[in-house]
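Colleague: Structure provided below as structure tokens; questions to follow.
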């Protein structure tokens, strides 16, 4: 039986969390098995076409790198949850794995924001030249700034996340130990605002402006904008799916959970209900590591064409070998 002790304020509760032994290893295994090859292929594909990098593919490259680094840490979490929260890998590894999760989460959000702004400029301001003059150099500087901001945002994870002891077993706390829930609360809320709400507001503003242009009759928009219309629509749909599955449910349940676990008056069943809701959405926040490569595939025509060419070549090779084997 999997249980977690919670002690904060005047509350001392024992949570029953058997669901984590099934849900979290299952979702993390799917993310690992799909995310590792998909992001490796994206990075390899961009590397092969590095002489023809665009601003969007530079953002996609950084997005794939963040996803790949994160999925490499998932085997530790899969082992942890299959062993009923037992963490044998030490305190620093616990802190680093939690740091990996949040840097990937908020890095993905910011890089998707950059891609959305880039697409917004192409659709709503196709004749503007200020963002084109700097070209790739400006894009690389933006990526460096994103990494700096994300690392600075998530560094306090090394202070709050830590190992502890429950029922004579070492565990790795996700947010903070229960007795530090009150001190973690301001940081957790600030991270949600700066790492999710503000970028999400920027994306919504870009998409509303883009929708106004894309919904116009074709004869009212320029040829250059018309060519980008389908690509922009695909990107909007996929980014909305990523936010709907990965980001919004997680941040909503996390914020509510931070509020209730900092309270000194709520009964244990209420605390457990919100804890379960939060911990059920947490593994799905990792799904962006699978969805991001799909975004790359559906918004990059050259990548789709090269992928089809590779698959056709592999299929032809298989049919040829199969016919030879059958004939002999």
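Every residue gets a Cβ built from N, Cα and C, even glycine.
Quick paste from Swiss-Prot:
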TOPO_DOM  1-22  topological domain 'Extracellular'
CARBOHYD  5  N-linked glycosylation site
TRANSMEM  23-43  transmembrane segment
TOPO_DOM  44-57  topological domain 'Cytoplasmic'
TRANSMEM  58-78  transmembrane segment
TOPO_DOM  79-96  topological domain 'Extracellular'
DISULFID  94-172  disulfide bond
TRANSMEM  97-117  transmembrane segment
TOPO_DOM  118-139  topological domain 'Cytoplasmic'
TRANSMEM  140-160  transmembrane segment
TOPO_DOM  161-189  topological domain 'Extracellular'
TRANSMEM  190-210  transmembrane segment
TOPO_DOM  211-231  topological domain 'Cytoplasmic'
TRANSMEM  232-252  transmembrane segment
TOPO_DOM  253-275  topological domain 'Extracellular'
TRANSMEM  276-298  transmembrane segment
TOPO_DOM  299-323  topological domain 'Cytoplasmic'
Colleague: Provide the three-state secondary structure of residue 172 (disulfide bond) computed with DSSP.
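Modeller: DSSP assigns residue 172 (disulfide bond) to strand.
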Colleague: Please give me the CB contact count at 10 A for residue 172 (disulfide bond), counting all chains in the structure.
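Modeller: For residue 172 (disulfide bond), the count of other Cβ atoms within 10 Å is 23.
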Colleague: Residues sitting near the topological domain 'Extracellular' (79-96): Cβ under 8 Å, six or more positions beyond its termini, same chain?
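Modeller: Beyond its ends, the topological domain 'Extracellular' (79-96) has Cβ neighbours at 2, 4, 17, 20-21, 24-25, 28, 73, 157-158, 161-163, 166, 169-173.
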